[in-house]
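Enquirer: One structure follows; several queries about it will come next.
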Amino acid sequence: MPISKTLPYNAIEQIKSYLLQLQNTICVSLESIDGKTRFHEDSWQRAAGGGGKTRIMANGNVFEKAGVNFSHVSGEQLPASASAHREELAGRHFSALGVSLVIHPQNPYVPTTHANVRFFVAEKEDSEPVWWFGGGFDLTPYYGFVEDCEHWHQTALNACLPFGETIYPKFKRWCDDYFFIKHRNEARGIGGLFFDDYNEISFDHSFELMRSIGDHFILAYEPIVARRKDIPFGNREKAFQNYRRGRYAEFNLVYDRGTLFGLQSGGRTESILMSLPPIVHWEYNWHPEKGSDEEKLYTDFLPAKDWLKKE
């Protein structure tokens, strides 16, 4: 007998409860790491339906800017970014819940990171609801360390293994493909996990997978921050960090599905654009010095690779 993909009557309540708990857990952990600054919470309502809680930290000891956003929005019609390739969604009203975060550190030796877990459901009278989960986490170093990349991907693998051996390679490859800046012909970072439109086996199975990925994020990021946050740096490293942040801004404004969905669905602009770095620098036709640590980011870390392959 096949396992049903029927949506439980209290699915939204289950997911919302988990997401709020995840937001709080991550914020408490980041406050503990920073040791100086606490998150400011900004609750907001969306006129077309729903709302959220945006938490922002700025000018901390460790984190220059960190945003952890919970949103639960609804509407009568999905925006183009969510329905362009799914004709069955036409004419359905939707609910979308998620936690999305971006962390921009002070120290250039600490990587920037992004994570997101989300749920969509599109419903229509006299029809089965169409639902799916999505999310992932990815790492954007400025100065690469092999042990950090290996730890990041090992933790990503650990999040996926309970659901089968094929999940991590699939989601890892998806992440490498998704976070690629086409107009620059380079990756945004060293990847991690990315998945979308996931509703395999059953609701419970899919929800458990999303929770596992959400719960493993801080386990992946916290040890890297602890190792790198006190490394001395100077103007050169800070300038390179600000230059590379430009790539981050370019990707988010041109390609990111979450940004496009939020703006097209009439979301809250301040919360949607919280992912942008506080300071960014563009320099015309800049190239790193040969043999420098900055060049190694491009040659040794940004090209997609299997970080867990044992030689």
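Each residue, glycine too, has its Cβ placed from N, Cα and C.
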Enquirer: Suppose a student reads Swiss-Prot and sees Asn116, Val117, Arg118, Gly266, Gly267, Arg268 listed for substrate. Which of Ser95, Ser100, Ser292 should they find annotated at that same site?
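Expert: So the substrate site in Swiss-Prot includes Asn116, Val117, Arg118, Gly266, Gly267, Arg268 plus, from the candidates Ser95, Ser100, Ser292, Ser100.
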Enquirer: State the residue range annotated as region 'Important for dimerization' by Swiss-Prot; the candidates are 176-211, 248-283.
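Expert: Spelled out, Swiss-Prot records region 'Important for dimerization' over residues 248-283, not the other listed ranges.
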Enquirer: Between the Cα atoms of His104 (divalent metal cation binding site) and Asn116 (substrate binding site), what distance do you get, rounded to the nearest Å?
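Expert: About 15 Å separate the Cα atoms of these two residues.
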Enquirer: Can you count helix, strand and coil residues in the region 'Important for dimerization' (248-283) using DSSP?
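Expert: So the counts come to 22 helix, 0 strand, 14 coil.
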Enquirer: Please tell me which one of the binding-site residues listed here (His114, His153, His183) sits closest to Arg268 (substrate binding site), measuring Cα to Cα?
Expert: His114
Enquirer: Specify the count of other C-beta atoms within 10 Å of the C-beta of Gly266 (substrate binding site).
Expert: 14
Enquirer: Pop the Cα-Cα gap between Asn116 (substrate binding site) and His183 (divalent metal cation binding site) into the table, whole Å please.
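Expert: Pair distance, Cα basis, whole Å: 24 Å.
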